[in-house]
Amino acid sequence: MFYLNGLFNLPIVVDFVLQVAWLRVDTQTILTIATHVITKNHRIAVTHSGHRAWSLHIRETRKTDSGWYMCQVNTDPMSSITGFLEVVVPPDILDYPTSTDMVVREGSNVTLRCAATGTPEPTVTWRREAGGTISLSNWQAGSIVGPELEITRITRLHMGPYLCIASNGVPPTVSKRILLTVHFQPMVWIENQLVGGYEGQTVTLECRSEAHPSPITYWTKPSNETIANDENYKVETIPKGLYEILMKLVIKSVRAQDFGTFRCVATNSLGETDGKIKLYRIDKPPTTRRPGSRRESKKTWKSDHNHEKKAVGMKDDPMLKGDDIGDEQIEFQSATASSSFHRHLFINFGITTMTVILASGLST
Ligand SMILES: *[C@@H]1O[C@H](CO)[C@@H](O)[C@H](O)[C@H]1NC(C)=O
Ligand SMILES: *[C@@H]1O[C@H](CO)[C@@H](O)[C@H](O)[C@H]1NC(C)=O
């Protein structure tokens, strides 16, 4: 029950000393006569200033005090005046039948309910706690008005906390938080399904997965064995949001048995999904070959000897630029036949390695 301290005042001016009475119209009850309180309602009082102005006071006003009140003066004929008292009540949200937190399957239909009371009747508005829009079947809005929020064919994008806010112009406005959880089977995305690598190289394989509840994830080797973190492999799972994760497998140093198909697997209570990544063999970049094993390297070695005396200028050695780099680039492209991103990586890698070889060549 809500109480509001209030004052109800219908001043009436009388010329002679006359009896003034206050009545409740709807119940036909006499409340006060002159300075006497007739009703048993202890919240009622009467005051006057002189005999010209009379006031009826109601303490701890309740909603039931709303109604018509009359002030009567016993003149002949009787004179009276009536007034209406409206007691306003700030909004409240009822626990029942207001929805509680819900867990639903993706694709199902859901109705969130919010039952609010108050006087005047409150308006119910729905919002997402995190902001953003609520998507309904054929439209979307930042807020939706009405006691029911009906979402058809729910998706994972609907997941999250919702607020139902009840307001009627009488403060305070109240709200209730309802958490909507959407369950769905894991999904797996792979950007590079073919990855080239050479023995001894460190290679990282990546899968993105969406699932809720959070999945159990693992990787399998080409031999179909499950991979554990050890000296050869490092498995990482990085959360990327409410239901997204990035699965990473680092092959620390590729071995012959690693060429083949790796699988990333995500499992939850609704199912299991996997993705396949094939690691194929490429030639080792030539810069890591031993000097003299190839034409380009011989050339490099020779030009290196030509500059043997100026060891100080090693890093600026002209052989790091121009024709020799061109040779390297062609070599890498044919070796990797991969995306431009990989090509770029390999070129940089090649240059870095070249510097190292030159340094060791010069020091001998
Ligand atoms: C969900 O609502 C849509 C539209 O009202 C209806 O076509 C569909 O059959 C409902 N789906 C379920 C699972 O009740
Ligand atoms: C691994 O499993 C797949 C099917 O799940 C099968 O085709 C393949 O032959 C298996 N590989 C090995 C090495 O057992």
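Note that Cβ sites are derived from N, Cα and C of the backbone, with glycine treated the same way.
Taken straight from TrEMBL:
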SIGNAL    1-27  signal peptide
DOMAIN    91-175  domain 'Ig-like'
DOMAIN    186-280  domain 'Ig-like'
REGION    283-320  region 'Disordered'
COMPBIAS  293-320  compositional bias 'Basic and acidic residues'
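Across the range of the domain 'Ig-like' (186-280), the DSSP-based residue counts are 3 helix, 58 strand, 34 coil. Secondary structure of the domain 'Ig-like' (91-175) per DSSP (helix as H, G, I; strand as E, B; remaining residues coil): 3 helix, 41 strand, 41 coil.
Confidence for the domain 'Ig-like' (186-280), expressed as mean pLDDT, is 96.
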